[in-house]
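Annotation comment: TrEMBL describes 107-118 as compositional bias 'Low complexity'. Residues or ranges marked as region 'Disordered' by TrEMBL: 99-130. The transmembrane segment annotation in TrEMBL covers 152-171, 208-229, 249-272, 284-303, 309-334, 346-368, 419-441.
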Amino acid sequence: MDRDVSDLVVSSGLKTDCEIESMSDDEWSSEEDLMQQLEEDITTWLDYCRVAECIVCEHLGRTHCESPTPPEVFDFGFISFFLATARISPLPRSLTRGGIMQKDNDSGGPSTTSGLTGRLRRRRGSNEVPSEVVKANGSHLLVDDTKKYKSMLIRIYSSVWMIGGFAFVIYMGHLYIWAMVVVIQIFMARELFNLLRRAHEDSRLPGFRLLNWHFFFTAMLFVYGRILNQRLANTVTSDKFLHKLVIGFIKYHMVTCYFLYIAGFMWFILTLKKKMYKYQFGQYAWTHMILIVVFTQSSFTVANIFEGIFWFLLPASLIVINDIAAYFFGFFLGRTPLIKISPKKTWEGFIGASFATVVSAFVLANILGRFQWLTCPRKDLSTGWLRCDPGPLFKPDYFNVPQWVPLWFPWREISVLPVQWHALALGLFSSIIAPFGGFFASGFKRAFKFKDFGDSIPGHGGITDRMDCQMVMAVFAYIYHQSFVVPQSLSIEAIMDQILMNLTFEEQRALFMKLEQIIQERHFVES
């Protein structure tokens, strides 16, 4: 009977483990919708159990049916058989991986996992295409997706809102961009904190979530305190009391953060409970990994913002351009799978997006580099308008058009900003290396068997799903800027920043008097 039922289950279209692992995003979504529908109707379906059992009895040649099997121990194979004969849609992945009727392991009730799993380990028919061949033929590619236009419209709608909001924040200035980064960080941390958390465990650990956020805000105070301390001091120079208070905070900033962390560490030790040590230490390690991922890239991002919005806006825009270009090139032309962990990514999308991103980097740098609001660094935390000497990077060089260029070409002279050559390096990185941040995120999600990090952005997933490549790009942009753009020798501004940050007013006045004396002596000797 088992073999007969198994063959009927095969004809009903049940999925194997390999096929489940190779499912595309849209298939996962449709399977989840079907699962929800089945859960809602499961009570009605259980009424069919007796009918299904009678069919099996008749198949075995019995003259009458036995009394219905109690639902809690009913073999799910009967339901599978009934669905097959009734031509009902294939069961969703959650049913094939264990069944709705499986009891919680903690309750001690019977489980149908082993029986159902055994039924799924069946022979492949001669007319069945291996999953590897299906994947090789590109069945999961976006170009073959029947719902691709609906998905595209949702993504476009969300993207327009995101780009519009992003442009408004950029217009508001450095401080508002920093606030936007903080909000994004909070949403990312929330999504990541919820990934491996089990509700029934957390219910026995009151205050554990609060402990996670304690570590989060301690890390935020430490990172932003180190980055923005001098700019905060420059902002409050007009008020002596407030300036003295800020200088004291800067001086004791590190020890304050240390004791806040130690307080969280002691809090964690005091919350340890018997039989939950492994879970608690796992969550403790998970919290620290989240802090590393979130604050490593955000610290570089904020540093880029205050060096000039240009060095934040250009790299972030290149990632967005690369993502959009890869989507549309893959949407219309994608045929060759790029990487197994992300089945919808294609070589056509990757190559087309790389070309579009590099060209966009060169053009966009010329446009953005002409606005002082974007190129001037911010030395304090004010919101006023900025004016500064843009420096040689943002002053155009002029080149005559060669003689062989046709006369109909509208320009005889072309202006190029030196920063455009740096933009080419950023464009190459954002198109070739930064996408591997997305591949890493795809592999991580598949490892833990979930589709997206969240659902806060329709058509895109969660905030973390949009920030995977941005994390890699922000770090590179800062390192590139510090290595190849910022002068490596000490500048007057850097020395003045150190003097203002580390010396009291009396010490600064003494230094001024000493410098004045040295200058007068040198002037006297030279004369």
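Quick reminder: no glycine exception, Cβ is built from N, Cα and C everywhere.
Any TrEMBL annotation is an automated prediction that lacks curation.
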TODO: For the transmembrane segment (208-229) and the transmembrane segment (152-171), decide whether they are in contact, meaning at least 3 CB pairs lie under 8 A, counting pairs 6 or more apart in sequence.
DONE: no
TODO: Count the Cβ pairs between the transmembrane segment (152-171) and the transmembrane segment (309-334) that lie under 8 angstroms and are 6 or more residues apart in sequence, then report whether there are at least 3.
DONE: yes
- [ ] Give residue numbers and ranges for long-range contacts of the transmembrane segment (309-334): same chain, 6 or more residues beyond its ends, CB-CB under 8 A.
- [x] 138, 141-143, 148, 152, 155, 159, 163, 170, 173-174, 177, 301, 344-354, 356-357, 360-361, 364-365, 368-369, 373-375, 419, 423, 426-427, 430-431, 434-435, 469-470, 473-474, 476-478, 481
